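Okay, structure first, notes after.
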Amino acid sequence: MKIGHNERVEVNTHFLITWHDGNTRLCGDFRALNNYNKGDRYPIPRICHTIEKLAKAKYITKRDCMKGSHQNGVKPNSMKFLRFICHMGIYQYTRMPFGTKNAPAHFQRMMDTIFEEEILEDRMVVYIYEIIVYSETLEYHVQYIDRVLRHKVSGISLAIDQNKVAAVLQKPVPRKIKELKSFLGFSSYYRNHIKQFAHKTSSLCKLCSKDVVFEITKERRDAYERVKHELTNAPFLILPDFELPFKLYIDAVCSEGLGASLHQRQIVEGEPREGVMC
């Protein structure tokens with residue numbers, strides 16, 4: 001909604017970015033506003049718990065709430081905080097924009113309320129804007145999909161989506177702390193796929209500490225390249241079958257951490273294999 005030019009207002013910075021499908025999206029920089037907002041601590045589901053629910057599913061349907069945040073209205077007395085300026089004048093949002101601090105928590109609460117019955121009956125999971133209906137039968141008119149919540153699912157196994165890794169592999173060794181934190185954040189998302197992830201990234205994580213001079217030594221360069229290699233060669237993770245026994249492996253020898261992994265022996269592609277749990 002456009003507002004008058006004669007009104008003195010505070011505005012947020014906005015810019016266009018190219019989305020993965022080639023379309024453009026208007027993004028706002030609401031960091032200044034977010035600093036004044038009290039955080040909404042409504043719980044967001046953990047990805048690993050969501051994936052566990054799919055272990056027995058033979059059919060999965062995933063639906064995305066189109067332009068999710070924009071489906072929520074904004075109270076009139078809050079619109080003034082969501083103003084932005086462009087070459088055509090000053091505008092303010094009448095629908096919730098992406099980038100505001102509490103938008104994800106608010107949307108998650110709304111979805112949990114709407115689909116409370118289905119969630120309690122263990123027929124559906126909701127992750128903010130993503131709706132996943134799963135079943136062992138065709139009862140709920142489900143259809144096959146091979147991508148769920150940024151992971152690629154294949155039968156009873158879970159693998160890293162190499163389409164998402166490709167862009168990271170092309171980047172050079174980080175030259176700034178911001179670039180390093182971005183890489184560590186991305187790779188940490190897939191840490192369950194990488195054996196001894198904490199140990200392998202320890203030298204890089206130390207660079208993110210305060211009062212540490214940012215210097216890429218040979219040890220840190222090797223660690224960076226090693227993690228990149230692990231991302232492209234990471235093993236499948238097996239979805240747990242709670243009717244089969246588990247094996248717990250613990251490694252307490254390392255002086256820089258304590259590690260453990262849960263394994264299970266399942267029939268994969270007609271052959272018995274032992275794999276790591278998700």
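Numbering starts at 1 and runs along the chain as it is shown here.
Glycine residues also receive a Cβ, built from the backbone N, Cα and C atoms like all the rest.
Taken straight from TrEMBL:
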type	residues	note
DOMAIN	22-176	domain 'Reverse transcriptase'
DOMAIN	217-266	domain 'Reverse transcriptase/retrotransposon-derived protein RNase H-like'
Averaged pLDDT score, the domain 'Reverse transcriptase' (22-176): 76
Secondary structure composition of the domain 'Reverse transcriptase/retrotransposon-derived protein RNase H-like' (217-266) [DSSP: H/G/I, E/B, coil]: 15 helix, 15 strand, 20 coil
